[in-house]
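Annotated features, as they stand in TrEMBL:
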DNA_BIND  157-213  DNA-binding region
DOMAIN    155-212  domain 'Homeobox'
DOMAIN    215-417  domain 'TLC'
REGION    428-452  region 'Disordered'
TRANSMEM  123-140  transmembrane segment
TRANSMEM  224-244  transmembrane segment
TRANSMEM  264-283  transmembrane segment
TRANSMEM  348-367  transmembrane segment
TRANSMEM  387-409  transmembrane segment
Amino acid sequence: MTVFSSGLRSSLELKNFRTLNTPLLLNRKRCFGISGIKGHSAVGSSIDPRRSFTKKREWENSLLDGLIADSSFYLATHPQLLQPSSDSMDLLPDLWRHEYWLPPGITWRDMEQMQECPRPRDLLFALPLALGFIVLRLVFDRVVAPPLGRCVGLRSRLRMAVAPATKLESFYTQQNRQPSQSDIISLMAQCDKTQRQIETWFRHRRNHDRPSYTKRFCEACWRFFFYLIAFLAGLATLINKSWFWDQRECWTGYPQQPIERAHFWYYQLELGFYLSLLLCVSVDVKRKDFKEQVIHHIATIFLLGFSYCSNYVRIGTLVMLLHDSSDFLLESAKMFNYGTGWRKTCDTLFVIFAAVFLVTRLVVFPSKIIHTTLVLSMEVFEPFAGYYFFNLLLMVLQALHVFWAVLILRMANKFLFLGKLDKDERSDEESELEEEDDDKGEGEEKDEEGECCWERSKDALNSKLKMLNKSFVLNNLNNHRAAIVSKMRKAR
(Lines of atoms letter the chains of each structure in order from A and count residues from 1; the text may use other names and numbers.)
(Lines give C-alpha, C1' and ligand atoms only; values in the text may rest on other atoms or scores of the structure.)
Protein backbone atom coordinates (compact mmCIF):
# COMPACT_ATOMS: atom_id res chain seq x y z
CA MET A 1 0.00 0.00 0.00
CA THR A 2 2.86 2.39 0.76
CA VAL A 3 4.37 1.88 -2.68
CA PHE A 4 1.04 2.46 -4.40
CA SER A 5 0.32 5.51 -2.23
CA SER A 6 3.61 7.11 -3.24
CA GLY A 7 2.81 6.21 -6.80
CA LEU A 8 -0.54 7.92 -6.38
CA ARG A 9 1.10 11.14 -5.29
CA SER A 10 3.37 11.13 -8.33
CA SER A 11 0.47 10.25 -10.59
CA LEU A 12 -1.56 13.21 -9.36
CA GLU A 13 0.56 15.28 -11.70
CA LEU A 14 -0.66 13.27 -14.66
CA LYS A 15 -3.56 14.55 -16.62
CA ASN A 16 -4.83 10.98 -17.02
CA PHE A 17 -5.57 10.81 -13.31
CA ARG A 18 -7.96 13.75 -13.52
CA THR A 19 -10.32 11.63 -15.56
CA LEU A 20 -9.92 8.86 -12.99
CA ASN A 21 -11.09 10.85 -9.97
CA THR A 22 -14.69 11.36 -11.01
CA PRO A 23 -15.92 7.72 -11.32
CA LEU A 24 -14.03 6.62 -8.20
CA LEU A 25 -15.42 9.47 -6.15
CA LEU A 26 -18.98 8.77 -7.27
CA ASN A 27 -18.53 5.10 -6.45
CA ARG A 28 -17.36 5.93 -2.93
CA LYS A 29 -20.26 8.30 -2.40
CA ARG A 30 -22.69 5.52 -3.19
CA CYS A 31 -20.91 3.10 -0.85
CA PHE A 32 -20.88 5.46 2.13
CA GLY A 33 -24.35 6.88 1.59
CA ILE A 34 -23.72 10.58 1.26
CA SER A 35 -27.38 11.33 0.94
CA GLY A 36 -28.07 9.67 4.35
CA ILE A 37 -25.58 11.89 6.08
CA LYS A 38 -27.06 14.95 4.49
CA GLY A 39 -30.54 13.82 5.60
CA HIS A 40 -29.48 13.49 9.23
CA SER A 41 -27.82 16.87 9.16
CA ALA A 42 -31.10 18.35 7.96
CA VAL A 43 -32.88 17.26 11.15
CA GLY A 44 -31.01 20.01 12.95
CA SER A 45 -31.77 20.04 16.69
CA SER A 46 -32.33 16.27 17.08
CA ILE A 47 -28.61 15.47 16.58
CA ASP A 48 -25.65 16.80 18.55
CA PRO A 49 -23.53 19.10 16.29
CA ARG A 50 -20.26 17.73 17.70
CA ARG A 51 -21.34 14.17 16.99
CA SER A 52 -22.38 15.12 13.46
CA PHE A 53 -19.03 16.80 12.87
CA THR A 54 -17.17 13.73 14.16
CA LYS A 55 -19.13 11.42 11.87
CA LYS A 56 -18.46 13.74 8.98
CA ARG A 57 -14.71 13.63 9.61
CA GLU A 58 -14.79 9.87 9.94
CA TRP A 59 -16.66 9.66 6.65
CA GLU A 60 -14.12 11.91 4.91
CA ASN A 61 -11.21 9.80 6.17
CA SER A 62 -12.92 6.62 5.08
CA LEU A 63 -13.68 8.15 1.68
CA LEU A 64 -10.04 9.16 1.23
CA ASP A 65 -8.77 5.71 2.23
CA GLY A 66 -11.16 4.07 -0.17
CA LEU A 67 -10.17 6.44 -2.95
CA ILE A 68 -6.49 5.65 -2.41
CA ALA A 69 -7.22 1.91 -2.36
CA ASP A 70 -9.21 2.02 -5.59
CA SER A 71 -6.64 4.25 -7.26
CA SER A 72 -3.79 1.99 -6.16
CA PHE A 73 -5.58 -0.96 -7.73
CA TYR A 74 -6.07 1.01 -10.93
CA LEU A 75 -2.40 2.05 -11.05
CA ALA A 76 -1.32 -1.54 -10.36
CA THR A 77 -3.26 -2.66 -13.42
CA HIS A 78 -1.95 0.32 -15.50
CA PRO A 79 1.79 0.59 -14.68
CA GLN A 80 2.47 3.00 -17.57
CA LEU A 81 0.98 5.80 -15.46
CA LEU A 82 3.82 5.44 -12.96
CA GLN A 83 6.47 6.48 -15.49
CA PRO A 84 8.17 9.77 -14.60
CA SER A 85 6.90 12.80 -16.40
CA SER A 86 8.20 16.29 -16.97
CA ASP A 87 6.30 19.38 -17.91
CA SER A 88 8.29 19.88 -21.11
CA MET A 89 7.42 16.39 -22.30
CA ASP A 90 3.72 16.87 -21.54
CA LEU A 91 3.54 19.77 -23.97
CA LEU A 92 4.42 17.76 -27.10
CA PRO A 93 4.17 14.07 -26.20
CA ASP A 94 4.66 12.88 -29.78
CA LEU A 95 7.86 14.87 -30.15
CA TRP A 96 9.37 13.47 -26.93
CA ARG A 97 8.89 9.82 -27.75
CA HIS A 98 11.97 7.95 -26.60
CA GLU A 99 12.29 6.23 -30.00
CA TYR A 100 13.33 9.59 -31.48
CA TRP A 101 15.88 10.60 -28.88
CA LEU A 102 17.31 7.42 -27.36
CA PRO A 103 18.72 4.15 -28.72
CA PRO A 104 16.42 1.10 -28.96
CA GLY A 105 15.65 -0.48 -25.60
CA ILE A 106 16.19 2.74 -23.59
CA THR A 107 13.29 4.86 -22.30
CA TRP A 108 13.03 8.15 -20.48
CA ARG A 109 12.23 6.20 -17.31
CA ASP A 110 15.61 4.49 -17.54
CA MET A 111 17.31 7.86 -17.91
CA GLU A 112 15.45 9.33 -14.93
CA GLN A 113 16.68 6.52 -12.69
CA MET A 114 20.29 7.57 -13.32
CA GLN A 115 21.88 10.19 -11.08
CA GLU A 116 23.17 13.42 -12.69
CA CYS A 117 21.55 12.64 -16.01
CA PRO A 118 20.85 15.40 -18.58
CA ARG A 119 17.18 16.39 -18.63
CA PRO A 120 15.54 18.32 -21.46
CA ARG A 121 14.15 20.94 -19.08
CA ASP A 122 17.73 21.91 -18.16
CA LEU A 123 17.99 23.67 -21.52
CA LEU A 124 15.68 26.40 -20.21
CA PHE A 125 18.68 27.77 -18.29
CA ALA A 126 20.11 28.92 -21.62
CA LEU A 127 17.36 31.53 -22.14
CA PRO A 128 18.23 33.75 -19.14
CA LEU A 129 21.91 33.16 -19.91
CA ALA A 130 21.37 34.50 -23.45
CA LEU A 131 19.74 37.64 -22.09
CA GLY A 132 22.57 37.97 -19.58
CA PHE A 133 25.14 37.74 -22.38
CA ILE A 134 23.34 40.53 -24.27
CA VAL A 135 23.41 42.81 -21.21
CA LEU A 136 27.03 41.92 -20.50
CA ARG A 137 27.94 42.70 -24.09
CA LEU A 138 26.37 46.16 -23.87
CA VAL A 139 28.47 46.88 -20.78
CA PHE A 140 31.55 45.42 -22.47
CA ASP A 141 31.13 47.64 -25.55
CA ARG A 142 30.98 50.76 -23.37
CA VAL A 143 33.54 49.97 -20.66
CA VAL A 144 36.16 47.47 -21.86
CA ALA A 145 36.32 47.71 -25.66
CA PRO A 146 36.97 51.50 -26.07
CA PRO A 147 40.21 51.50 -24.00
CA LEU A 148 41.45 48.45 -25.92
CA GLY A 149 40.62 50.24 -29.19
CA ARG A 150 42.75 53.20 -28.15
CA CYS A 151 45.61 50.85 -27.27
CA VAL A 152 45.70 49.33 -30.77
CA GLY A 153 45.23 52.73 -32.43
CA LEU A 154 41.75 52.12 -33.77
CA ARG A 155 41.23 53.71 -37.17
CA SER A 156 38.29 55.95 -37.95
CA ARG A 157 36.49 55.82 -41.28
CA LEU A 158 36.40 59.06 -43.25
CA ARG A 159 32.75 60.00 -43.74
CA MET A 160 31.84 62.72 -46.20
CA ALA A 161 29.01 65.03 -45.19
CA VAL A 162 25.74 64.27 -46.96
CA ALA A 163 23.99 67.30 -48.39
CA PRO A 164 20.29 67.45 -47.45
CA ALA A 165 18.05 66.37 -50.33
CA THR A 166 14.46 65.45 -49.51
CA LYS A 167 13.63 63.57 -52.71
CA LEU A 168 16.88 61.65 -52.78
CA GLU A 169 16.50 60.74 -49.11
CA SER A 170 12.95 59.53 -49.71
CA PHE A 171 14.09 57.36 -52.63
CA TYR A 172 16.99 56.02 -50.55
CA THR A 173 14.90 55.00 -47.53
CA GLN A 174 11.75 53.81 -49.29
CA GLN A 175 12.81 52.32 -52.64
CA ASN A 176 16.43 51.41 -53.21
CA ARG A 177 19.87 52.21 -51.88
CA GLN A 178 21.45 51.49 -55.26
CA PRO A 179 19.49 53.36 -57.98
CA SER A 180 19.54 52.07 -61.54
CA GLN A 181 20.34 54.20 -64.57
CA SER A 182 16.66 54.88 -65.27
CA ASP A 183 16.15 55.89 -61.63
CA ILE A 184 19.06 58.29 -61.85
CA ILE A 185 17.63 59.90 -64.99
CA SER A 186 14.27 60.33 -63.24
CA LEU A 187 15.94 61.82 -60.17
CA MET A 188 17.93 64.19 -62.36
CA ALA A 189 14.68 65.66 -63.69
CA GLN A 190 13.14 65.90 -60.21
CA CYS A 191 16.11 67.35 -58.33
CA ASP A 192 17.75 69.39 -61.08
CA LYS A 193 21.13 67.71 -60.46
CA THR A 194 23.68 66.10 -62.72
CA GLN A 195 24.26 62.36 -62.86
CA ARG A 196 27.60 62.70 -61.14
CA GLN A 197 26.09 64.66 -58.27
CA ILE A 198 23.34 62.07 -57.72
CA GLU A 199 25.78 59.14 -57.80
CA THR A 200 28.08 60.96 -55.40
CA TRP A 201 25.17 61.68 -53.02
CA PHE A 202 24.07 58.03 -52.92
CA ARG A 203 27.63 56.84 -52.41
CA HIS A 204 28.14 59.22 -49.48
CA ARG A 205 24.75 58.22 -48.06
CA ARG A 206 25.59 54.51 -48.19
CA ASN A 207 28.97 55.18 -46.65
CA HIS A 208 27.27 57.08 -43.85
CA ASP A 209 25.16 54.01 -42.96
CA ARG A 210 28.03 51.57 -42.97
CA PRO A 211 29.22 50.45 -39.53
CA SER A 212 32.24 52.18 -38.14
CA TYR A 213 35.50 50.50 -37.27
CA THR A 214 34.65 51.05 -33.62
CA LYS A 215 31.55 48.87 -33.86
CA ARG A 216 33.46 46.18 -35.73
CA PHE A 217 36.26 46.25 -33.20
CA CYS A 218 33.85 45.95 -30.26
CA GLU A 219 32.15 42.96 -31.88
CA ALA A 220 35.44 41.20 -32.63
CA CYS A 221 36.77 41.98 -29.16
CA TRP A 222 33.67 40.56 -27.44
CA ARG A 223 33.84 37.32 -29.40
CA PHE A 224 37.57 37.04 -28.87
CA PHE A 225 37.26 37.13 -25.09
CA PHE A 226 34.42 34.60 -25.02
CA TYR A 227 36.04 32.14 -27.42
CA LEU A 228 39.37 32.38 -25.60
CA ILE A 229 37.81 31.81 -22.15
CA ALA A 230 35.57 29.02 -23.47
CA PHE A 231 38.51 27.27 -25.14
CA LEU A 232 40.72 27.44 -22.05
CA ALA A 233 37.90 26.33 -19.73
CA GLY A 234 36.86 23.50 -22.05
CA LEU A 235 40.44 22.31 -22.43
CA ALA A 236 40.91 22.32 -18.64
CA THR A 237 37.81 20.17 -18.10
CA LEU A 238 38.55 17.69 -20.93
CA ILE A 239 42.31 17.27 -20.87
CA ASN A 240 42.12 14.53 -18.22
CA LYS A 241 39.12 12.70 -19.67
CA SER A 242 39.56 9.39 -21.40
CA TRP A 243 37.34 10.29 -24.36
CA PHE A 244 39.54 13.30 -25.14
CA TRP A 245 42.34 10.94 -26.19
CA ASP A 246 40.31 7.90 -27.27
CA GLN A 247 37.00 8.71 -28.97
CA ARG A 248 35.72 5.15 -28.46
CA GLU A 249 35.28 6.05 -24.80
CA CYS A 250 32.50 8.45 -25.84
CA TRP A 251 30.21 5.43 -26.20
CA THR A 252 31.23 3.44 -23.13
CA GLY A 253 28.01 2.93 -21.16
CA TYR A 254 26.00 5.10 -23.54
CA PRO A 255 23.39 6.51 -23.07
CA GLN A 256 23.42 6.06 -19.29
CA GLN A 257 26.42 8.31 -18.73
CA PRO A 258 26.25 10.81 -15.85
CA ILE A 259 27.09 14.40 -16.76
CA GLU A 260 29.60 16.31 -14.68
CA ARG A 261 28.76 19.74 -13.31
CA ALA A 262 31.59 21.39 -15.29
CA HIS A 263 30.33 19.93 -18.56
CA PHE A 264 26.78 20.97 -17.68
CA TRP A 265 27.81 24.62 -17.41
CA TYR A 266 30.06 24.31 -20.46
CA TYR A 267 26.99 23.31 -22.45
CA GLN A 268 24.75 25.98 -20.95
CA LEU A 269 27.22 28.82 -21.53
CA GLU A 270 27.92 27.82 -25.12
CA LEU A 271 24.21 27.43 -25.86
CA GLY A 272 23.38 30.76 -24.22
CA PHE A 273 26.15 32.53 -26.15
CA TYR A 274 24.98 31.25 -29.55
CA LEU A 275 21.40 32.14 -28.68
CA SER A 276 22.56 35.69 -27.90
CA LEU A 277 24.38 35.85 -31.25
CA LEU A 278 21.24 34.72 -33.04
CA LEU A 279 19.12 37.30 -31.21
CA CYS A 280 21.59 40.10 -32.06
CA VAL A 281 22.13 39.08 -35.67
CA SER A 282 19.90 41.93 -36.92
CA VAL A 283 21.99 44.63 -35.20
CA ASP A 284 25.44 43.13 -35.74
CA VAL A 285 27.63 43.95 -38.72
CA LYS A 286 26.22 42.25 -41.83
CA ARG A 287 29.04 40.63 -43.72
CA LYS A 288 29.44 38.71 -46.94
CA ASP A 289 28.79 35.39 -45.19
CA PHE A 290 25.72 36.66 -43.30
CA LYS A 291 23.45 33.81 -44.45
CA GLU A 292 26.09 31.20 -43.71
CA GLN A 293 26.58 32.67 -40.23
CA VAL A 294 22.84 32.44 -39.51
CA ILE A 295 22.76 28.83 -40.71
CA HIS A 296 25.80 28.10 -38.55
CA HIS A 297 24.19 29.58 -35.43
CA ILE A 298 20.92 27.69 -35.97
CA ALA A 299 22.68 24.40 -36.67
CA THR A 300 24.88 24.87 -33.60
CA ILE A 301 21.89 25.57 -31.35
CA PHE A 302 20.03 22.50 -32.61
CA LEU A 303 23.19 20.43 -32.29
CA LEU A 304 23.81 21.50 -28.70
CA GLY A 305 20.18 21.06 -27.67
CA PHE A 306 19.72 17.65 -29.28
CA SER A 307 23.08 16.31 -28.12
CA TYR A 308 22.25 17.32 -24.55
CA CYS A 309 18.80 15.67 -24.58
CA SER A 310 20.16 12.48 -26.18
CA ASN A 311 23.18 12.51 -23.84
CA TYR A 312 25.70 13.01 -26.64
CA VAL A 313 27.48 15.20 -24.11
CA ARG A 314 30.91 13.67 -24.47
CA ILE A 315 31.09 14.05 -28.23
CA GLY A 316 29.38 17.46 -27.94
CA THR A 317 32.13 18.83 -25.68
CA LEU A 318 34.74 17.75 -28.22
CA VAL A 319 32.87 19.54 -31.01
CA MET A 320 32.69 22.78 -29.01
CA LEU A 321 36.37 22.63 -28.05
CA LEU A 322 37.38 21.99 -31.65
CA HIS A 323 35.49 25.05 -32.91
CA ASP A 324 36.70 27.37 -30.15
CA SER A 325 40.34 26.47 -30.87
CA SER A 326 40.42 28.55 -34.07
CA ASP A 327 37.64 31.11 -33.55
CA PHE A 328 39.53 33.24 -31.04
CA LEU A 329 42.51 33.44 -33.43
CA LEU A 330 40.29 34.87 -36.16
CA GLU A 331 38.79 37.48 -33.86
CA SER A 332 42.23 38.54 -32.59
CA ALA A 333 43.41 39.01 -36.19
CA LYS A 334 40.37 41.21 -36.85
CA MET A 335 41.11 43.31 -33.78
CA PHE A 336 44.62 44.12 -34.95
CA ASN A 337 43.42 44.63 -38.52
CA TYR A 338 41.24 47.53 -37.37
CA GLY A 339 44.19 49.17 -35.61
CA THR A 340 47.15 51.09 -37.01
CA GLY A 341 50.73 49.84 -37.02
CA TRP A 342 49.84 46.18 -36.42
CA ARG A 343 50.05 44.85 -39.97
CA LYS A 344 52.73 42.25 -39.26
CA THR A 345 50.91 41.07 -36.14
CA CYS A 346 47.65 40.77 -38.06
CA ASP A 347 49.34 38.81 -40.88
CA THR A 348 51.01 36.46 -38.41
CA LEU A 349 47.78 35.77 -36.55
CA PHE A 350 46.00 35.14 -39.83
CA VAL A 351 48.60 32.57 -40.90
CA ILE A 352 48.26 30.78 -37.55
CA PHE A 353 44.48 30.92 -37.77
CA ALA A 354 44.43 29.57 -41.33
CA ALA A 355 46.67 26.64 -40.35
CA VAL A 356 44.63 25.78 -37.25
CA PHE A 357 41.31 26.16 -39.09
CA LEU A 358 42.29 23.98 -42.04
CA VAL A 359 43.69 21.25 -39.78
CA THR A 360 40.89 21.18 -37.21
CA ARG A 361 37.91 21.70 -39.53
CA LEU A 362 38.99 19.77 -42.62
CA VAL A 363 41.11 17.00 -41.04
CA VAL A 364 40.32 16.46 -37.38
CA PHE A 365 36.58 17.15 -37.53
CA PRO A 366 35.70 14.63 -40.26
CA SER A 367 38.30 12.00 -39.30
CA LYS A 368 37.67 12.05 -35.54
CA ILE A 369 34.27 13.55 -34.78
CA ILE A 370 32.15 12.49 -37.76
CA HIS A 371 33.84 9.09 -37.99
CA THR A 372 33.17 8.53 -34.29
CA THR A 373 29.48 9.41 -34.44
CA LEU A 374 28.85 7.78 -37.80
CA VAL A 375 30.86 4.54 -37.52
CA LEU A 376 32.17 3.83 -34.04
CA SER A 377 28.82 4.49 -32.37
CA MET A 378 27.32 1.56 -34.30
CA GLU A 379 29.44 -0.78 -32.17
CA VAL A 380 27.31 0.12 -29.15
CA PHE A 381 23.73 0.69 -30.41
CA GLU A 382 21.61 0.34 -33.51
CA PRO A 383 20.66 3.36 -35.65
CA PHE A 384 17.66 5.41 -34.56
CA ALA A 385 16.07 8.71 -35.58
CA GLY A 386 18.36 10.80 -33.37
CA TYR A 387 21.44 9.14 -34.85
CA TYR A 388 20.55 10.33 -38.35
CA PHE A 389 19.51 13.83 -37.18
CA PHE A 390 22.70 14.38 -35.18
CA ASN A 391 24.97 13.29 -38.04
CA LEU A 392 22.97 15.44 -40.46
CA LEU A 393 23.73 18.53 -38.35
CA LEU A 394 27.41 17.59 -38.29
CA MET A 395 27.36 17.34 -42.08
CA VAL A 396 25.84 20.84 -42.28
CA LEU A 397 28.69 22.18 -40.16
CA GLN A 398 31.21 20.39 -42.32
CA ALA A 399 29.73 21.97 -45.47
CA LEU A 400 30.11 25.40 -43.86
CA HIS A 401 33.70 24.52 -42.97
CA VAL A 402 34.43 23.80 -46.63
CA PHE A 403 32.81 27.10 -47.67
CA TRP A 404 34.92 29.12 -45.24
CA ALA A 405 38.04 27.13 -46.12
CA VAL A 406 37.69 28.25 -49.76
CA LEU A 407 37.54 31.90 -48.67
CA ILE A 408 40.55 31.45 -46.40
CA LEU A 409 42.56 29.81 -49.19
CA ARG A 410 41.77 32.79 -51.42
CA MET A 411 43.17 35.11 -48.79
CA ALA A 412 46.20 32.87 -48.35
CA ASN A 413 46.81 32.99 -52.10
CA LYS A 414 46.75 36.79 -52.04
CA PHE A 415 49.03 36.79 -49.03
CA LEU A 416 51.61 34.56 -50.72
CA PHE A 417 51.67 36.41 -54.05
CA LEU A 418 50.98 39.99 -52.94
CA GLY A 419 52.77 39.84 -49.62
CA LYS A 420 49.86 41.28 -47.65
CA LEU A 421 46.22 40.68 -46.84
CA ASP A 422 44.32 42.93 -49.23
CA LYS A 423 40.80 42.10 -48.07
CA ASP A 424 39.18 39.73 -45.61
CA GLU A 425 37.49 37.26 -47.95
CA ARG A 426 35.84 35.42 -45.09
CA SER A 427 33.74 38.02 -43.33
CA ASP A 428 35.42 41.36 -42.90
CA GLU A 429 33.78 43.16 -45.83
CA GLU A 430 30.07 43.72 -45.75
CA SER A 431 29.08 42.83 -49.32
CA GLU A 432 30.41 42.68 -52.83
CA LEU A 433 28.12 45.54 -53.79
CA GLU A 434 29.62 47.81 -51.18
CA GLU A 435 33.10 46.74 -52.20
CA GLU A 436 32.34 47.87 -55.75
CA ASP A 437 30.96 51.11 -54.32
CA ASP A 438 34.21 51.56 -52.41
CA ASP A 439 36.27 51.03 -55.55
CA LYS A 440 34.14 53.47 -57.52
CA GLY A 441 34.05 55.88 -54.62
CA GLU A 442 37.80 55.79 -54.21
CA GLY A 443 38.28 56.62 -57.90
CA GLU A 444 35.79 59.45 -57.80
CA GLU A 445 37.16 60.77 -54.53
CA LYS A 446 40.63 60.76 -56.08
CA ASP A 447 39.27 62.76 -59.02
CA GLU A 448 37.61 65.19 -56.63
CA GLU A 449 40.78 65.47 -54.59
CA GLY A 450 42.73 66.05 -57.80
CA GLU A 451 40.38 68.81 -58.82
CA CYS A 452 40.65 70.40 -55.38
CA CYS A 453 44.44 70.17 -55.49
CA TRP A 454 44.45 71.71 -58.96
CA GLU A 455 42.28 74.59 -57.77
CA ARG A 456 44.59 75.20 -54.82
CA SER A 457 47.71 74.98 -56.98
CA LYS A 458 46.10 77.24 -59.56
CA ASP A 459 45.41 79.93 -56.96
CA ALA A 460 48.92 79.65 -55.64
CA LEU A 461 50.33 79.86 -59.15
CA ASN A 462 48.28 82.94 -59.96
CA SER A 463 49.48 84.68 -56.84
CA LYS A 464 53.07 83.84 -57.66
CA LEU A 465 52.63 85.08 -61.22
CA LYS A 466 51.24 88.32 -59.94
CA MET A 467 54.21 88.73 -57.65
CA LEU A 468 56.59 87.90 -60.47
CA ASN A 469 54.81 90.32 -62.76
CA LYS A 470 55.09 93.08 -60.23
CA SER A 471 58.73 92.39 -59.65
CA PHE A 472 59.38 92.23 -63.40
CA VAL A 473 57.75 95.64 -63.95
CA LEU A 474 59.70 97.12 -61.09
CA ASN A 475 62.93 95.68 -62.46
CA ASN A 476 62.19 97.17 -65.87
CA LEU A 477 61.50 100.59 -64.37
CA ASN A 478 64.65 100.44 -62.31
CA ASN A 479 66.72 99.39 -65.32
CA HIS A 480 65.20 102.13 -67.46
CA ARG A 481 65.91 104.72 -64.78
CA ALA A 482 69.46 103.51 -64.38
CA ALA A 483 69.98 103.75 -68.15
CA ILE A 484 68.70 107.33 -68.24
CA VAL A 485 70.94 108.34 -65.34
CA SER A 486 73.98 106.82 -67.04
CA LYS A 487 73.20 108.62 -70.30
CA MET A 488 72.85 111.94 -68.46
CA ARG A 489 76.21 111.39 -66.82
CA LYS A 490 77.84 110.69 -70.18
CA ALA A 491 76.23 113.79 -71.67
CA ARG A 492 77.61 115.93 -68.93
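Quick reminder: no glycine exception, Cβ is built from N, Cα and C everywhere.
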Cβ under 8 Å, sequence separation of at least 6 from the ends of the transmembrane segment (264-283): give me the contacting residues as numbers and ranges.
118, 122-123, 125-134, 137, 226, 230, 233-234, 237, 290, 293-294, 297-298, 300-301, 304-305, 308, 313, 316-317, 320
With DSSP helix as H/G/I and strand as E/B, how many residues of the domain 'Homeobox' (155-212) fall in helix, strand and coil?
35 helix, 0 strand, 23 coil
Which sequence positions outside the transmembrane segment (123-140), separated from its termini by at least 6 residues, show Cβ-Cβ distances below 8 Å to it?
88, 218, 221-222, 225, 268-269, 271-273, 275-276, 279-280, 305, 308-309
Within-chain partners of the transmembrane segment (348-367) [C-beta distance under 8 Å, separation at least 6 from its ends]:
319, 322, 325-326, 329-330, 332-333, 336, 397-398, 401-402, 404-405, 408, 411-412, 415, 421
PLDDT averaged over the residues of the domain 'Homeobox' (155-212):
78
